[in-house]
């Protein structure tokens, strides 16, 4: 066998393996095929006579190939495989470019063989190469593959990509028309694939159904199932929805007892129950909830019908009389029993509601009879109701809130004692005095406040002629040396001399008075030193003495610019003495290390003295305890009243300072 035959067999084996791996739709395009003639049919060599199939083998034996073509052919096969993989990776554009510019070594192999003229054929046509015939036939075979096989190939291809490929395969649908079209013709463009998918969907639908359905036998006696939720109307015309109860179509037994009887409670049977199963349709019971309309069109609903009725006696009184409050009687009552329509009362407000019985203009969907609109109109100037909580002011200016008491224009029955003053807490407002046309009587203050001569505020019950209290005039105009509790308003009942004396004897300022022998620079030698300097303790020098010795008129006061001030802002340093121990060191405690060592603390106190009472030291401490203070008695005071000046065991019972001896 020649080298060319071996190489062509090897190329055919490689192409066959590639077709098995990638499907029958794979096209062996390792080398660009030579252009065909349009008139040359592909199937012409197949129709030839019997000796025709052996003709190509003779032509291969006759053709001589140089020995140097074997490595070039193997390299061309590898290059063709690389080009094919590159085409599948890049798409159609790279495939077209690869076909346009084939490898130089591949061109050497693509030299057309010389045709052999057959004697039995009328026309000698140039036979095509084996690769060309294989290229032209394979797309036809691939197009004839069943859709199930292409579907399986597409699924295996997606499964080879992993989980992501499987999810993409499932999300794209079960038909996978695009994947099958790509497997059938790998060189097809996206436009051609889309056209094939649309054509397949037009022919078979999106679910790839063939259009033929399996014959199904029609069920015998097929009847509709009863409705789960039914709707009917009672004898009163009310809608009832839900599971229908009753005899129905004679499918339920045991419900014949009381089928044509009425119930006294809520009506739940439909009107068709009586029309189908009963000979006579009963009269419905009175409605549980009734609705009536007033003369102004307002709807009144409730379980009890108000007004006069033929079945109710005892309510004839006031049938034809009008009411001033809310109108609740029906409009037809006056026509039935009075023979005339009563006059409409003055409207203070009215509402417009759509009725439940309106069918044509009902705005509510779903079949429920609920109101669809509720609008309330109120007049512009409604009658003002009295305030529940109203503020007012008494004669003393105190504010009171709450329900107003007393005589008012809108309150009747409170005339007795309305214009009289009360002696207790004043709660009557100014509007009551206005109604009585008289000034308000001011009552006495329950708690008074006044000021003393020293500027202090005193509150509470006051005594004296000013406050209308008798028996407390003694000592009102006397000057006291203790705490002042009498207000300045009491001075107007004293004479001028008594007032002047009170002013002279009244202590002024916060400096205490100094009595006795006053030391000072007057008549005492050696006392001038430091007489004009400030002291930090108690003042013992009077102001007149200081003015006589020192020039106090020109002296600088604290806060002035020439007042001496400390230049440095450093804190004053204080000398501290060395701290001495309060308890002298005694003898050490014998025993288990109870000494004044560095490792044991707290053994020099009363606990150590209790353990060893014979060794107490120079100034031993006695143990603390409440039992030591038992023999000590508290000092009995002279009087149980404290905090007052002049508290002595002898003297008058009552002093001017306010202190009393019990």
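A Cβ is built for glycine as well, from the same backbone N, Cα and C atoms used for every other residue.
Here is what Swiss-Prot says about this protein:
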COMPBIAS  28-57  compositional bias 'Low complexity'
COMPBIAS  64-76  compositional bias 'Low complexity'
COMPBIAS  120-135  compositional bias 'Basic and acidic residues'
COMPBIAS  141-150  compositional bias 'Polar residues'
COMPBIAS  161-170  compositional bias 'Low complexity'
COMPBIAS  237-247  compositional bias 'Low complexity'
COMPBIAS  289-300  compositional bias 'Low complexity'
COMPBIAS  391-404  compositional bias 'Polar residues'
COMPBIAS  641-650  compositional bias 'Polar residues'
REGION    1-227  region 'N-terminal domain'
REGION    1-258  region 'Disordered'
REGION    228-559  region 'Middle region'
REGION    277-322  region 'Disordered'
REGION    342-419  region 'Disordered'
REGION    560-631  region 'C-terminal domain'
REGION    588-607  region 'Disordered'
REGION    619-662  region 'Disordered'
REPEAT    58-72  repeat 'N-repeat 2'
REPEAT    147-168  repeat 'N-repeat 3'
REPEAT    228-278  repeat 'M-repeat 1'
*For the repeat 'M-repeat 1' (228-278), the number of residues DSSP places in helix, strand and coil*: 7 helix, 8 strand, 36 coil
_Number of helical, extended and coil residues in the compositional bias 'Polar residues' (391-404), per DSSP_ = 0 helix, 4 strand, 10 coil
*Per-residue pLDDT averaged over the region 'C-terminal domain' (560-631), given as an integer*: 55
